[in-house]
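> This is the structure, below, for whatever I ask next.
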């Protein structure tokens with residue numbers, strides 16, 4: 001509660017609000033203090049103000065850094081200096097503003113501390129003096145002004161005037177830190193105030209030359225370089241020495257055919273110097289590879305000239321210029337493709353990073369955000385110089401003690417030996433303390449520096465030259481410089497030799513690489529598809545085997561009570577016990593079974609007969625009397641015995657209109673009379689004019705069977721084909737029978753006889769007749785009960801039987817999948833009675849044949865019984 005009152009006043013005090021007295025009085029009033037006491041407490045509040053200001057203030061040390069550079073990248077005498085200045089500015093502005101401090105663990109607010117914990121935040125004041133011309137005299141004048149007038153503490157070196165400015169700065173005892181490429185001769189002068197962060201020029205070309213020597217098609221090398229740029233001169237002279245000595249021992253075929261060196265005067269006197277001199281010399285020498293060393297600006301012009309003979313070369317290496325992000329766009333994508341170069345930095349370098357910029361790709365993002373352009377090795381080297389100097393300052397005074405921190409500034413810290421007290425680690429007397437300056441401690445810290453930065457590792461030799469950083473080899477691929485060497489840093493594969501554009505790289509309408517990718521994808525897709533098909537086949541086969549084991553019943557599993565008995569052309573069911581359950585054994589007489597492959601049920605006898613009947617359909621509704629009832633009778637019993645009446649019944653019921661009554665001596669087939677009582681089967685009428693269903697005795701039906709009239713077939717003129725002469729197109733193999741049994745087993749209804757399984761052979765039965773194992777209905781079939789008159793079926797029992805059959809038929813009619821053929825014939829042979837005198841319908845397997853054949857869905861809506 002108190003803090004909520006005090007907090008806004010404390011914030012205002014810290015901000016040094018001019019209305020301090022007014023705020024104090026307001027604060028005291030809020031605490032209920034009287035006016036007299038207010039004046040007495042002002043002194044205490046003033047002290048509180050001073051303590052708060054001291055506790056929250058941020059002490060800073062600002063170091064002055066400077067450079068002398070012409071801010072232009074296209075000046076021939078000093079190219080790339082604008083990129084150097086940008087590289088210096090990006091870390092300086094990041095340091096002073098503290099941008100992204102704490103983001104991803106980065107520390108951009110850097111402070112130095114002494115051993116007592118006195119902390120000062122480091123800031124840089126960067127000054128760049130721009131000479132009127134890129135000449136040594138003008139450059140040196142600006143360097144002296146930086147030292148004398150701007151009072152800089154550190155000089156950021158200019159590569160183009162390294163020797164002259166290093167001498168001036170060293171005499172003035174100012175640290176000169178070179179960012180970019182310079183020769184070893186400068187550092188061999190052993191100036192104690194001169195440092196360099198760039199890698200050695202001696203090994204700049206070694207990795208690329210080694211790759212050329214290992215390529216059999218590259219044996220002749222042409223080298224050219226400028227004498228105006230010391231770094232370029234040293235790089236190519238070392239390449240000549242390396243190729244002539246070590247590579248010669250590696251490959252006896254590899255040799256340097258010719259060297260060519262030139263100056264800016266040669267280029268000025270001959271505007272077409274690169275075409276008429278360098279390119280012609282490469283052609284006349286018969287070289288298969290060229291290596292050129294020049295600055296970035298001249299490298300663009302050299303690449304354009306070499307484009308004319310690129311198809312004859314197997315490898316091209318140029319220093320500096322191919323690493324520039326605008327190289328491919330400025331010269332041309334086709335010309336620059338596959339050109340090699342060496343670079344000190346690339347955004348895709350691995351294993352590098354520091355706490356200020358982070359990884360190489362993070363530095364690239366920060367540079368692009370600050371300048372709007374992509375960095376390359378020159379600004380990266382410049383930024384790394386500032387970061388290295390910053391970390392050297394941060395760690396230089398960790399073991400020292402600031403004597404008067406309240407009055408400490410950057411000048412006193414660096415030049416006043418009385419400002420700090422540091423132990424002399426080199427003294428022979430342990431713990432002795434000798435006077436020293438902050439500049440000495442800084443130089444010592446920088447010399448001992450061994451760290452990782454976004455540029456790479458930094459560690460200096462005794463000449464104060466960075467020896468821990470190794471360059472990478474870049475190759476322009478698809479217009480972008482990519483790392484190809486060393487292999488642990490590579491982002492793309494090295495392409496050597498350069499592909500000959502005259503060779504056809506297309507296959508049909510596709511490029512070679514695209515064609516290979518397409519082929520690989522197609523093959524992979526095919527293999528995946530085949531694997532999927534094999535899996536589907538395997539699982540289906542496994543499923544089929546499971547179904548077969550579930551449905552197949554072996555004779556050993558049964559305790560036979562009585563076998564099925566053949567009664568003329570029909571069979572009477574047998575009985576057995578299966579796992580202590582009474583089951584019925586019904587021979588599958590309604591289908592033809594063969595152990596081999598059978599013709600498809602689509603071509604069944606029923607379908608064949610249907611094509612004959614379709615020409616002359618009867619034009620009457622279901623349930624009407626036959627129009628040709630008196631057209632003729634079959635008088636030869638032996639012919640009738642050969643006719644499959646049940647098949648004909650099914651056939652007639654599969655027409656668009658179906659006959660529901662057969663006339664036998666003027667009687668109907670749809671009912672029977674037992675002891676004067678009537679038992680009628682009725683189905684829903686499809687027409688209001690449907691005639692009533694008459695009843696007839698089953699006994700009279702069997703007596704008059706030889707004289708049965710077949711008016712429907714006689715009237716249509718279709719010949720009756722004996723069963724023995726019909727084609728056996730109804731024959732089913734074991735798999736098809738199993739499929740039918742499985743579908744039958746899936747019918748689950750209290751009024752439908754459950755199917756248990758199937759037996760392929762039963763001792764005492766013909767081998768080609770499978771036996772269907774079903775639930776046993778104790779009273780047998782309804783037909784046998786009626787014919788044998790074993791029991792009296794009163795009206796209530798008849799009503800129960802009729803209701804059970806209606807329920808079964810309603811269930812079968814509701815089956816959309818699969819569609820069923822007629823399941824209830826006029827003979828009522830499939831109706832079974834259990835011991836409770838309740839009816840169950842045994843659905844014949846032929847009712848499921850429509851699932852495999854072309855079955856018209858309209859059959860489901862016909863008026864035929866099922």
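The chain as shown is numbered from 1 upward.
Glycine is treated like the rest: Cβ placed from N, Cα and C.
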> If you check TrEMBL, which stretch out of 567-601, 602-636, 707-741, 742-776 is marked region 'Disordered'?
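Matching range for region 'Disordered': 602-636.
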> Please identify the range among 490-514, 515-539, 540-564 that TrEMBL labels transmembrane segment.
515-539
> Would you mind telling me which of 441-476, 657-692 TrEMBL tags as region 'Disordered'?
657-692
> Averaged across the domain 'Serine-threonine/tyrosine-protein kinase catalytic' (743-815), what pLDDT does the model get? Just tell me the whole number, please.
88
